[in-house]
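To start, the structure under review is shown below, and the notes come after it.
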Amino acid sequence: MAAATAAAAAAAAAGEGMEPRALQYEQTLMYGRYTQELGAFAKEEAARIRLGGPEPWKGSPSARATPELLEYGQSRCARCRICSVRCHKFLVSRVGEDWIFLVLLGLLMALVSWAMDYAIAVCLQAQQWMSRGLNTNILLQYLAWVTYPVVLITFSAGFTQILAPQAVGSGIPEMKTILRGVVLKEYLTLKTFVAKVIGLTCALGSGMPLGKEGPFVHIASMCAALLSKFLSLFGGIYEHESRNTEMLAAACAVGVGCCFAAPIGGVLFSIEVTSTFFAVRNYWRGFFAATFSAFIFRVLAVWNRDEETITALFKTRFRLDFPFDLQELPAFAVIGIASGFGGALFVYLNRKIVQVMRKQKTINRFLMRKRLLFPALVTLLISTLTFPPGFGQFMAGQLSQKETLVTLFDNRTWVRQGLVEDLELPSTSQAWSPPRANVFLTLVIFILMKFWMSALATTIPVPCGAFMPVFVIGAAFGRLVGESMAAWFPDGIHTDSSTYRIVPGGYAVVGAAALAGAVTHTVSTAVIVFELTGQIAHILPVMIAVILANAVAQSLQPSLYDSIIRIKKLPYLPELGWGRHQQYRVRVEDIMVRDVPHVALSCTFRDLRLALHRTKGRMLALVESPESMILLGSIERSQVVALLGAQLSPARRRQHMQKLRKAQLSPPSDQESPPSSETSIRFQVNTEDSGFSGAHGQTHKPLKPALKRGPSNSTSLQEGTTGNMESAGIALRSLFCGSPPLEATSELEKSESCDKRKLKRVRISLASDSDPEAEMSPEEILEWEEQQLDEPVNFSDCKIDPAPFQLVERTSLHKTHTIFSLLGVDHAYVTSIGRLIGIVTLKELRKAIEGSVTAQGVKVRPPLASFRDSATSSSDTETTEVHALWGPRSRHGLPREGTPSDSDDKCQ
């Protein structure tokens, strides 16, 4: 059937005298390029022979130069041309291929990550060097210990605020919003990239409890966006929004992969924290780029002689034959449950700190004027508490985060029955056993102090994350449980034939994964831990603890990233709660807004102005008439404002005055003499044609798509927006304000005294050919505008979306949430057999979900559910009335948006 159709099409084309061309539709149904082109050539040739047409290669040179037929030529010139064309296409296509893009992205991010780690290590070593060099003078040592991080944090905050304030914070909440379809201006630009990299390096080099993973997701996304712009020079495929979204999803995985050298965990973590629904076709992009980036990152460490070979970032040496006993599983479960409560408390504390600072208006205004004072004070407080000769000796204050993790993951036991073992521990491990305290007290103080310090430090307006501080706190908590188990079982766990000692380092690994998973609401932290440590021996305890921690934390608080989204008031859609069966009984008709801002197809400009005053939304519904409410499409607010501005523009008013002057100066023929009174002039002005196109004869022309119009419409709109602003002041104030301001009132009062003089000037200008422009009094302008507002609207001069997203009133809340999450829409119209009855936005959906989640165990019936029974009884009558609306519909012409190809793409 397909072959017959193709042959018939080729025959018809040949019969009409058209040049032979390849059938693109048929090409998608065959294997291989050569077979495909040969088949198309054979079918066209058969059609030509059957109809007796001329041979194409004996025709014009253009026919012989057809690309599809060049390879059948025998001349050397044709073969050279074929080779050059193929080489050009190969180079362009290969440079634009995904794997080239992903290799470049992974390489750049690995270089950035390694360079930042090197700079951070140098900064931390400088702080330690100054502290050790001044150990003879405690005051100078304290000043050096405190001043160094204060200077770095202050520089980071100031540099970020000056160059790009969008670089502040983690970046994962914003990327989650961007991947959902929201556009954040100046968030993926080059200056934001520079501010993020330099600011993050200074912030982490200060030694504050800040993280790197979240900002690196943002850095990788910016790198992908900039790389897409560069590669768009070779091929336009990267200019498409869908392709950019796919590359951003892969970039999020690269950010985690090159940060921890954990490609598998990076891909899974990026999916969990940024996506609700993930396209599986992007899986290979994320894994390929993350793996390549992690490989280059570790190769650079070997090249710099930091490592002997490619190994894990925090290599451990746990027992592989018997890593844990069955009797230890309850302890691992306790770690998971406690980490769940701890993660929820961390998110709550972080949010409360921000809310308290915002509610204190006096402090907030003072700190807003002194933007660098808050980060300096917080850094001063934390540095003072971590000063090693002072209180910092009881919380291992002299250790960096990397050194802390290395000591916490140590597989040797630090204590036996509460006392330090006589073992040759590394110098870093000695920091956990100060002279006047034991390991337990040091770990408890470390956990408590680092907990609130990390929650406070992550609120500093610098590029920073919270994953690494939480990871360290969880490792310390797990180490505390492990050391407690080692003290309770000093001889180890007895089995049938042997005894196995407790490994506290394994408990630290479990605690780190559990607390990090509880704060971020992810399970992939378990995989990240396996790749960080290089061992998978504790896979079962880690998975048990992470799952339990997630179960507890998700029932108490949102994730840290969702909490930041709410704090920053970004558009978000909360997840449906667990075990809330009443949300399946809530329908769209229970939560929708019934008073929908709309405009009718036959409305006037006055109706448009009223619709703009009623709502601040971005879209307005377009209906057939206020009686039928048949939804025809949606129109953007900017389009409506452009229509009103063009209708009341000074250029249009000058055009009417010029017509009026020509009518006054033209000699009367078979008509009465032109009136000279003021009222007659106003009558003539009001009776001029006031259609939007400016000419009376254009009102009956067929409607034209907005994207195919000539420059005349855009020129008139530009003149209307860039004309004389002083003469348009009254029009704009009457359009957007209920009453004129005091300055306008005083100007009107002053102009009343010279109205007669202005009217005389108008009459003189009407009788003179040398005056280029006539003037109108404010009263005449207002009267003219009132007349213009009563004119019908011609929607052919604006872009209309003929297929806005729609729902039916019986759609469940669960299904609506799934649709909004999957498609990334922010509003949907509710229709009943084509009739507009309501609208649902993210605000209504969010309120409904949060209301069902926070219900106090009582199954409350939806507020409008009581009307369903009565509505069901009258459904037949309602259906009959709605069907009756389709009969007497007036045949209005509805303009379409864009070209037919655009609408076809939308249908697909």
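Placed from the backbone N, Cα and C atoms, the Cβ positions cover glycine too.
Since this is a predicted model, take the numbers as computed values, not measurements.
Summarising the annotation, Swiss-Prot assigns compositional bias 'Polar residues' to 681-690 (among others).
Annotation comment: Swiss-Prot describes 711-722 (among others) as compositional bias 'Polar residues'.
Under DSSP, the residues of the domain 'CBS 2' (800-860) split into helix, strand and coil as follows: 23 helix, 19 strand, 19 coil. What Swiss-Prot lists as domain 'CBS 2' is 800-860.
As annotated by Swiss-Prot, intramembrane segment applies to 172-179 (among others), with the evidence given as sequence analysis.
Note on the intramembrane segment (247-259): residues 101-102, 105-106, 109-110, 112-113, 175, 178-179, 212-213, 216-221, 223-225, 227-228, 238, 265-267, 269-271, 274-275, 278-279, 282, 285-287, 289-291, 293-294, 296-297, 528 of its chain, located 6 or more positions outside it, place their CB under 8 angstroms from a CB of the stretch. According to Swiss-Prot, the feature intramembrane segment maps to 247-259 (among others).
Swiss-Prot lists 263-271 (among others) with the feature intramembrane segment, giving similarity to another entry as the kind of evidence. If one looks beyond the intramembrane segment (263-271) by at least 6 residues along the same chain, the residues whose Cβ comes under 8 Å of a Cβ in the stretch are 217, 249, 252-257, 278, 283, 286-287, 290-291, 293-294, 520, 522-525, 527-531.
Beyond the intramembrane segment (505-519), the same-chain residues lying 6 or more positions past its ends with a Cβ under 8 Å from any Cβ of the stretch are 316, 318, 323-324, 331-332, 335-336, 339-340, 342-344, 346-347, 405, 408-412, 466-467, 470-479, 481-482, 485, 525-526, 528-529, 533, 537-538, 541-542, 545-546, 548-550, 552-553, 559-560. What Swiss-Prot lists as intramembrane segment is 505-519 (among others), and the listing cites similarity to another entry.
Taken from Swiss-Prot, the feature intramembrane segment applies to 522-533 (among others). Distant neighbours of the intramembrane segment (522-533): 256, 260-266, 268-269, 271-273, 312-316, 409, 509, 512-513, 516, 539, 542-543, 546-547, 550, 559; these residues of the same chain sit at least 6 beyond its ends, with a Cβ under 8 Å from one of its Cβ atoms.
Annotation source Swiss-Prot lists intramembrane segment at 534-538 (among others). Within the chain carrying the intramembrane segment (534-538), a Cβ under 8 angstroms from the stretch's Cβ atoms is held by residues 311-312, 314-316, 318-320, 323-324, 506, 509-510, all 6 or more beyond its ends.
Beyond the motif 'Selectivity filter part_1' (169-173), the same-chain residues lying 6 or more positions past its ends with a Cβ under 8 Å from any Cβ of the stretch are 196, 211, 214-215, 217-219, 221, 273-274, 458, 461, 463-466, 561-562, 564-565, 568, 570. Summarising the annotation, Swiss-Prot assigns motif 'Selectivity filter part_1' to 169-173.
Per Swiss-Prot, the feature motif 'Selectivity filter part_2' maps to 211-215; the stated evidence is similarity to another entry. Secondary structure of the motif 'Selectivity filter part_2' (211-215) per DSSP, as helix, strand and coil residue counts: 3 helix, 1 strand, 1 coil.
The motif 'Selectivity filter part_3' annotation in Swiss-Prot covers 465-469, and the record cites similarity to another entry as its basis. Taken through DSSP, the motif 'Selectivity filter part_3' (465-469) splits into 3 helix, 1 strand, 1 coil.
Summed and averaged per residue, pLDDT over the motif 'Selectivity filter part_2' (211-215) gives 90. Taking DSSP states H, G and I as helix and E and B as strand, the motif 'Selectivity filter part_1' (169-173) has 2 helix, 1 strand, 2 coil.
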